Structure formats: C-alpha cells, structure tokens
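Peer 1: Just passing along the structure, written as structure tokens.
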Amino acid sequence: MESGPRAELGAGAPPAVVARTPPEPRPSPEGDPSPPPPPMSALVPDTPPDTPPAMKNATSSKQLPLEPESPSGQVGPRPAPPQEESPSSEAKSRGPTPPAMGPRDARPPRRSSQPSPTAVPASDSPPTKQEVKKAGERHKLAKERREERAKYLAAKKAVWLEKEEKAKALREKQLQERRRRLEEQRLKAEQRRAALEERQRQKLEKNKERYEAAIQRSVKKTWAEIRQQRWSWAGALHHSSPGHKTSGSRCSVSAVNLPKHVDSIINKRLSKSSATLWNSPSRNRSLQLSAWESSIVDRLMTPTLSFLARSRSAVTLPRNGRDQGRGCDPGRGPTWGRAGASLARGPQPDRTHPSAAVPVCPRSASASPLTPCSVTRSVHRCAPAGERGERRKPNAGGSPAPVRRRPEASPVQKKEKKDKERENEKEKSALARERSLKKRQSLPASPRARLSASTASELSPKSKARPSSPSTSWHRPASPCPSPGPGHTLPPKPPSPRGTTASPKGRVRRKEEAKESPSAAGPEDKSQSKRRASNEKESAAPASPAPSPAPSPTPAPPQKEQPPAETPTDAAVLTSPPAPAPPVTPSKPMAGTTDREEATRLLAEKRRQAREQREREEQERRLQAERDKRMREEQLAREAEARAEREAEARRREEQEAREKAQAEQEEQERLQKQKEEAEARSREEAERQRLEREKHFQQQEQERQERRKRLEEIMKRTRKSEVSETKQKQDSKEANANGSSPEPVKAVEARSPGLQKEAVQKEEPIPQEPQWSLPSKELPASLVNGLQPLPAHQENGFSTNGPSGDKSLSRTPETLLPFAEAEAFLKKAVVQSPQVTEVL
C-alpha cells in the first residue's frame with residue numbers, strides 16, 4: 001500500500017498548495033477525473049458516532065487484532081487509511097446495511113457494490129471501505145457489549161437487591177418468631193406462677209381450716225376437762241354416800257366467811273394443785289396452744305370462791321379429812337383419769353380380795369389434788385382381826401352392793417401415782433406442822449370441848465362392839481383408832497361438832513338407806529341404833545351453837561376443842577404412818593326426830609344450805625357466762641385482726657406481684673427494644689457495607705474504563721501522527737497531479753480558503769523543512785473533531801453518519817479565521833494551543 005503513494009510522489013507535480021486545503025465535496029464521482037483527498041472526519045473511525053464519551057472503553061485492545069485482517073496490508077497500529085471517495089459516493093456505496101451484521105458478512109457486498117475510482121489506483125479504495133465497515137461493526141459490537149454489560153450489572157444489582165430484601169424479610173421473620181416465643185414463655189411462666197399461687201393458697205386455706213379445727217377441738221376438750229375437773233370436786237360431794245353428804249355440808253361454807261389465818265396454807269395448796277393440774281396428762285394432750293389460748297387457760301386456772309371455800313373447809317376440818325383419807329387405797333390416788341370413774345360408779349370396795357375391802361376417801365373420789373390421801377396403808381393393817389372379821393360378816397351375809405374390781409395400772413399411771421404420792425407427803429408434813437402449831441395455841445380447851453371429847457370416848461367402845469351396817473360400810477370411820485402396838489392404845493379424839501351434825505340431805509338419804517337395808521339385822525341392831533341416836537342427840541345439844549357462827553368471819557372452833565393430852569400422840573401419829581380408827585358416826589341413821597325444835601332447826605338449816613347452793617351456782621353461772629362472752633369477743637376480735645392482717649398481706653403481695661410484673665414487662669420491652677436497635681444497627685451496617693462494596697465495584701470499573709480510555713488515547717495519538725505524515729505526502733502528490741491536469745480544483749481551493757492558500761504560496765519551498773507547524777495544521781481539524789466537539793452536529797469521535805453536514809462544519813473553519821490580520825499568527829496560536837486540548841482529554 002505504501003508503494004502507491006511513493007510512486008505518486010515521484011510524479012513531480014507541486015503538491016504544496018493542495019496539502020493545506022481541505023477537500024471539497026463533489027457532486028458525483030463520475031465527472032471528476034481526479035477525486036479529491038478524503039475528508040478529515042474519515043481518518044479515524046474508531047467508535048460509532050452515537051456512543052457517549054463514558055463508553056469509549058468498549059473499543060479496547062481486544063478489538064485491535066481485527067485490523068490486520070484487512071487486505072490493505074498495512075503494518076502498524078493504524079486503524080484506517082485515507083479514503084479516496086467523497087462522502088456522497090461513500091454514502092451511496094454504503095447503502096442500507098443491517099446494523100447487526102458482522103464484519104466478515106459485510107465485506108463481500110461492499111467490495112462488489114463499491115465503484116472503483118478513475119484517477120486513484122485500485123489498491124487504495126477497497127481497504128478504505130473495508131476499514132470503515134469494520135469500524136462500524138466494531139462500534140456496533142462495542143455497543144452491544146456495553147448494553148450487555150449494563151444489563152448484566154442491572155441484573156446483578158437486582159439480584160443484590162432481591163437478596164437484601166430476602167435477608168431483611170428473614171430477619172423480620174426471625175424477630176417476630178423470637179417475640180412470639182418470648183411471649184409464649186412469658187404466658188407459660190405466668191400460668192405456672194398462677195397455678196403455684198393457687199395451690200399455695202389452697203394449701204394455706206386447708207392448713208388454716210385444719211389448724212382452726214384443731215384449736216377449736218383442743219379448746220373445747222381442754223375447757224370441758226377443766227370444767228369437769230374443777231366442778232367435779234363439788235359434784236362428788238352431792239353424788240356420793242351419806243358420809244360424803246356430811247362432809248359436803250361441812251364444805252359448803254362461802255368464801256367470805258372463811259377465817260383469815262388459813263390463807264397461807266390455801267395459797268400453798270392452790271399453787272401446788274395448779275401445778276399438778278397444769279402438768280396432768282390431759283394438759284399434755286393440748287400443749288400446742290397459742291399465746292391467747294394459754295392466757296385463757298391460765299385465767300380459767302385462777303381459783304374461784306367455791307374452790308377457796310372447799311380448800312378452806314379442807315383446812316378447817318383437817319382431822320376429819322385425814323381420818324377419812326386414811327382409808328384411801330394406794331392405787332386410788334388423786335388421778336384425773338379415775339376421777340370420773342369414781343364419780344360415776346361411786347366408792348365401792350372390792351369384795352373379792354380381803355385387803356381390797358377398803359372404802360374410798362371422799363377427796364380422792366372427787367379427784368381433788370388439794371386433799372391428799374394421808375396414808376397408803378389399808379384399814380386392815382391397823383384394825384384388829386376381830387374387827388375385820390366383824391366388818392366382813394355383814395358384807396358376806398347379804399350385802400346388795402356389787403363387786404367392783406380395780407383395773408390394772410399402766411406404767412405411766414404408776415409413775416403419776418408415785419409423783420402424786422410424793423406431793424401428798426409434802427402436803428401432809430406441812431399440814432401436820434400447821435396443826436401441831438394450832439394445837440399448842442389452843443391448849444386451854446373449853447368445857448364444851450371436853451364434854452364432846454368425853455361423849456366421843458363413851459361412844460367409841462359401842463361403835464367398836466358392833467359391826468358396821470351395809471349402808472355405812474363404804475365410808476371411812478371418823479374416830480381415831482388404837483395404835484398398832486400390842487399393848488398401847490391412843491386416847492380417842494373427839495369428832496368436831498360440825499361432823500356430828502349431819503346435813504338434812506344426808507339425813508334424808510340415811511332414812512332411805514335405812515328403809516332399804518335388809519331386815520336381817522335383828523332386834524339387837526335396832527336397840528343399838530336407838531341408843532346411838534339418843535347419844536348423838538345429847539352430843540348435838542351442846543354443839544348446836546356450831547352452825548350459827550358459820551356466816552361470821554371468825555374461825556370455827558373445831559380445832560380448839562381437842563384435849564391437851566392429844567398433842568404429842570397426834571404429832572406422833574402424823575409423823576409415822578397413821579392407822580385408821582373405828583367409826584364414831586352412827587353406822588345406821590335414825591328414822592326421824594320427835595323434837596319439833598330440832599325439826600324446825602334442821603329444816604331451816606336445809607333451806608339455808610339450798611339457798612347458798614343456789615346462790616353459788618347462780619354466781620358461777622354468771623361468771624361462766626361472762627367468761628364465755630369475753631372469750632367470744634376476744635375470739636371475734638382476734639379473727640377480725642387476723643382477717644385484716646391477711647387482707648393487708650394479700651394486698652401487699654398483690655402490689656409486690658404487680659410491681660414485679662411491671663418491672664418484668666419493662667425489662668422485656670427494654671430487651672426487645674435493644675434487640676430491635678441491634679438488628680437495625682446490623683442491617684444499617686450491612687446496607688452500608690453493601691453500598692460501599694457497590695461503590696468500590698463501580699469505582700473499580702470506572703478506573704478500568706479510564707485506563708482503557710487512556711490506552712486508547714495513546715494509541716490514537718500514535719495513529720494520528722503516522723496518518724498525518726502519510727496524508728500530507730498523499731495530498732502533495734494529489735495536488736501536484738491536480739495542478740498538472742486540471743486547474744479547477746485549485747480555484748475551488750483558493751475560493752474557499754484564500755488565507756491558507758496565500759500561506760501555502762509563501763511557504764511552498766520549505767515543506768519538508770517545516771514539519772513543526774504544518775503537522776499541527778493538519779491535526780487541528782482532527783483535534784477539533786475528535787477532542788472538544790465544538791458543534792452539536794459532530795458526534796463523539798468525529799465520525800458522522802451524514803457526510804455533508806460534517807463537511808459543512810469543516811468548511812467553516814476558514815471563515816472563522818477571516819477576522820484575524822494574518823493567518824500565520826492564528827496558525828501559530830493554534831499550534832501552541834493544540835497540545836493543551838490533547839492534555840485536557
């Protein structure tokens with residue numbers, strides 16, 4: 001290809017004039033014997049005209065190996081040789097080519113349809129058309145690749161966005177699932193807590209009901225036992241035998257009429273009896289009492305007036321109580337368990353065993369811990385054998401009393417009996433000292449006391465001579481018995497006047513028993529009973545003032561009516577185990593009285609005792625009602641207080657639960673809010689990271705495009721330099737040919753650019769010597785076309801689809817140069833400014 005231009009340069013025509021004139025489009029290629037040089041816009045057809053500047057990188061170095069396929073035989077990086085045809089002929093020869101055809105498919109029709117120029121050699125025209133077509137194909141392929149790349153990036157971005165949406169939806173779903181699980185856990189925990197509280201409440205209610213029922217049972221049982229134990233002391237006096245009736249009549253003194261000097265003994269005995277009652281087995285069953293129940297029991301344990309009256313009567317009449325207590329069985333101590341049995345069955349002796357035929361003492365029958373059994377030995381050991389035989393005879397003869405067997409004592413009861421016996425021994429010693437002191441004080445006895453003592457001594461041999469009747473065989477004899485010594489006998493002690501005067505109830509019962517007694521006693525018993533009744537009346541006559549001073553607060557005189565000779569013997573009897581005495585009281589009651597005054601006196605005494613009994617019972621009932629009322633009020637107050645405390649506790653518990661629940665909900669909300677904020681922060685960080693990744697990716701792509709663009713610019717610069725030199729040589733040869741053959745092109749060039757023609761005329765000789773400014777003059781239109789694009793009609797790389805418009809825009813360049821004075825100065829300026837334009841690109 002280079003051989004043609006070099007041959008044309010050797011033709012010898014002057015080419016300097018035509019080298020600087022741009023070619024003018026001709027109307028038709030047929031009429032021109034010599035076609036003009038191609039326009040400058042067709043020199044570098046790199047990229048398609050409709051590509052934006054940012055997408056120039058598509059024409060990378062990958063497309064450059066396509067250029068050696070052209071049959072032009074060019075060697076080097078030149079993309080396209082100069083075109084020989086005019087733009088109009090090129091447009092005609094191009095025709096309606098499809099945009100999607102490849103470069104290999106488009107070559108044969110372009111070779112066949114392209115007319116060969118007449119003046120240009122045949123080796124130049126086919127490579128030019130092929131290069132143009134290849135450039136168009138490359139542009140189209142580059143455009144397609146850019147579109148595919150854009151589609152790929154859009155699809156990738158859509159995939160990224162879709163993945164991000166999926167991840168966001170998954171995070172939301174996980175958060176909702178976590179919230180749901182937490183809510184379910186909270187509900188389950190609340191249900192479990194509510195069920196646990198309900199079970200605890202039911203358990204507390206059940207325990208409370210059971211505890212209240214146990215307390216009620218314990219209180220009722222304790223109160224019933226205490227009432228039974230306390231009132232049984234008085235009840236035993238009314239339900240027992242006539243001997244007990246007499247002792248009950250003695251004990252019916254009110255508390256106001258008791259003497260003052262007995263208070264210390266009563267207080268001692270009361271404290272001991274309270275301790276005994278408190279430590280009893282019935283108390284041990286209800287030890288688990290609260291404070292207020294203990295206070296109630298303590299209040300109930302305080303002595304009443306009747307209790308003090310009985311205690312004072314026991315102290316006032318110690319001789320009778322001690323004599324009666326001597327017949328107490330060792331197995332029948334003052335135990336609470338056998339008190340009710342002795343009250344219900346009455347004191348019946350055991351007839352089967354010879355040593356068991358012992359009457360029960362009245363104090364042990366009444367289950368009173370205050371009056372102990374003085375002696376544990378039975379009456380058989382102190383009485384003579386004859387008396388024992390006489391006593392057993394009427395019982396064996398025809399006694400209607402049933403046989404009573406004593407139950408076996410358990411080890412616990414034996415231990416209790418031993419403890420009570422020790423306490424009784426202590427009380428006996430204290431009472432013995434007190435009585436001995438009183439006996440010393442009452443040594444000068446009154447003649448009435450001596451008289452009663454003499455009558456008692458007279459009655460004692462009679463009572464010894466006769467056996468006891470079946471009705472009186474259950475009671476203890478009241479008179480002293482002789483000492484167990486063989487030859488030594490104690491002087492008999494007289495009974496007290498109150499002991500001789502029996503109560504009206506006792507007399508009535510004696511009459512009934514006398515009627516019911518068997519008639520086998522005989523006339524001897526009747527005569528003896530009559531004599532005994534007359535003696536009793538005689539002894540009761542001097543002792544009649546004894547009941548009258550009973551209401552007075554002065555002490556009763558029975559203790560003082562004892563002879564002084566009895567003091568040492570009585571002390572000896574008390575220190576040693578005393579023996580029972582034969583009975584002094586009449587064993588058979590009299591049928592009635594014939595004295596009107598005696599009957600009136602007995603009736604008045606009976607009425608007085610009944611009135612006192614009613615008053616005592618009424619007072620005790622009032623006190624009991626007050627105690628019950630006070631107890632009920634206290635119980636109601638305690639229940640109200642406990643209920644208020646429970647309600648306050650329930651309110652406090654509910655408030656505490658509400659606070660805990662609110663705190664738990666607040667903590668849960670804070671935790672959920674914190675989790676939400678953390679999730680949002682993580683999502684923001686993820687989005688920021690993805691955005692930075694995309695930006696980095698886009699920057700990398702942009703950098704790659706810039707690098708490709710720079711490489712392309714460098715290639716374009718090298719290509720332009722080589723093309724400018726070749727084009728200048730071709731134009732010189734063409735101008736020389738044109739000047740030699742036809743002058744019309746020269747005229748046209750002169751008409752269009754007179755300033756440039758003048759410059760070419762002035763400097764036609766040193767063309768090869770001035771390549772410094774001639775090369776930029778050729779490069780100026782190309783730089784304007786390929787660089788800045790001053791006109792909107794031009795496309796990016798100077799390749800236009802409509803050739804005439806591009807030629808017209810190039811034809812304006814000499815008109816813009818007209819206002820300057822000299823074209824040389826403008827060209828010099830253009831030479832200076834053109835490198836700056838290239839640097840900006």
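Cβ from N, Cα, C; glycine included.
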Peer 1: Where does the phosphoserine label fall among Ser34, Ser86, Ser410, going by Swiss-Prot?
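Peer 2: Of the listed residues, Swiss-Prot records phosphoserine for Ser86.
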Peer 1: Among Ser70, Ser483, Ser503, can you tell me which residue Swiss-Prot lists with the annotation phosphoserine?
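Peer 2: Among Ser70, Ser483, Ser503, the one Swiss-Prot marks as phosphoserine is Ser70.
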Peer 1: Of Ser241, Ser280, Ser469, Ser552, which one does Swiss-Prot label phosphoserine?
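Peer 2: Among Ser241, Ser280, Ser469, Ser552, the residue Swiss-Prot annotates as phosphoserine is Ser552.
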Peer 1: Just to confirm what the record says: which one of Ser311, Ser454 has phosphoserine annotated in Swiss-Prot?
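Peer 2: The residue tagged phosphoserine by Swiss-Prot is Ser454.
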Peer 1: Select, from Ser125, Ser517, the one residue given the annotation phosphoserine by Swiss-Prot.
Peer 2: Ser125
Peer 1: Could you give the mean pLDDT over the coiled coil (412-441), rounded to a whole number?
Peer 2: 77
